[in-house]
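Chemist: So that we are looking at the same thing, I have put the structure below in structure tokens.
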């Protein structure tokens with residue numbers, strides 16, 4: 001959630017920076033007007049509270065001195081009614097303000113290049129050269145079926161399209177990748193966590209999936225919830241949600257920062273906006289495994305932490321000897337919660353192109369403001385910065401291994417670094 005105080009004081013600058021994310025001036029003006037209304041109402045309420053306190057003190061003095069308290073009593077009663085009415089109004093305004101603010105994306109930071117879409121992203125560097133084949137390389141779905149690693153028909157039979165079943169060596173490699181990634185992340189200083197894969201709406205508001213992206217979330221049937229539950233429940237689309245929200249409504253001593261976490265979970269997405277895209281294979285699934293990195297930092301640490309997270313994910317691909325490149329996303333291609341994002345794209349010979357395998361984002365204080373995550377330093381509280389990124393998407397890493405390690409006879413070699421995990 002953006003800082004509404006900053007919006008009031010720096011409206012033109014924020015309007016300009018959010019224009020690249022297609023936020024209209026009318027939308028921001030409506031938010032600014034509501035923020036000013038909230039500020040005015042709150043100030044008026046504080047004045048009434050100050051009057052109430054001052055008059056109550058005077059009322060006590062008059063009573064002790066046996067002076068006439070009739071006028072003071074009337075003033076206090078009338079002021080109390082005004083306060084009650086204004087408190088209700090303030091709550092209503094606050095609710096409207098939050099509704100508007102929750103729909104506004106994060107500001108691109110100064111290091112994010114200008115641009116409209118993925119075509120304007122900037123390549124930072126390539127790591128490892130793509131392999132040369134003396135034959136036409138196959139796509140992963142052909143290799144997966146031929147080697148008995150992937151059963152797409154079984155996924156459809158058990159669920160629907162965009163689900164698949166891994167078998168034999170496919171399942172073993174999937175497990176090996178998860179263990180390898182978690183081990184590597186731990187060595188880089190990230191603490192392993194196991195979290196639920198079902199969360200309440202409060203958690204999704206905290207990290208920015210709700211309210212804007214509810215159509216892409218799998219919602220748990222209300223019959224699952226007990227009658228006393230006040231929460232809608234959802235399957236997570238990423239463990240960024242659970243890892244970040246472990247610290248919602250927290251005040252963290254500054255000396256405990258940074259907090260660095262990693263987790264592996266299944267992730268669930270409806271892919272509502274992806275009709276017709278990547279319909280074959282495992283590139284875009286409703287359920288997939290992902291190993292995630294999340295960091296909670298002091299504001300001065302977040303840029304360096306993003307570099308560390310990118311380095312960690314890139315090193316995993318290098319250990320697997322998978323060619324990849326780092327891409328700096330332009331403002332128009334940034335996600336809703338991101339202020340700065342570096343994508344890692346892995347080379348897929350069967351598709352003859354690079355495909356995203358990780359997005360590592362610095363959200364600065366955007367999620368922290370929504371989830372109310374603060375740190376205490378020198379007796380004062382301030383918002384932390386939060387970062388998240390895949391390290392890595394397991395299914396896409398498996399795809400990359402199949403395509404980069406394929407042999408002329410259709411078999412697939414196993415990366416040396418994974419062999420001890422099998």
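The backbone N, Cα and C atoms fix where each Cβ goes, glycine too.
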Chemist: Please identify which of 129, 161, 390 is recorded by Swiss-Prot as part of the L-serine site containing 238, 239, 240, 292.
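Modeler: It is 390, as the record lists it for that site.
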Chemist: Which one, from the binding-site residues 359, 390, has the smallest tally of other C-beta atoms lying within 10 Å of its C-beta?
Modeler: 359
Chemist: Measure from the Cα of residue 356 (ATP binding site) to the Cα of every one of the binding-site residues 238, 240, 292, 390, then give the nearest.
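Modeler: Answer for the nearest of the binding-site residues: 390.
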Chemist: Please identify, from the binding-site residues 238, 239, 358, the residue with the sparsest Cβ neighbourhood, meaning fewest other Cβ atoms within 10 angstroms.
Modeler: 238
Chemist: Near residue 358 (ATP binding site) in space, meaning Cα within 10 angstroms, which of the binding-site residues do we find among 238, 239, 240, 390?
Modeler: 390
Chemist: What same-chain residues, at least 6 away in sequence, bring their CB to under 8 Å of the CB of residue 269 (ATP binding site)?
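Modeler: For residue 269 (ATP binding site), the qualifying residues are 216, 217, 218, 237, 286.
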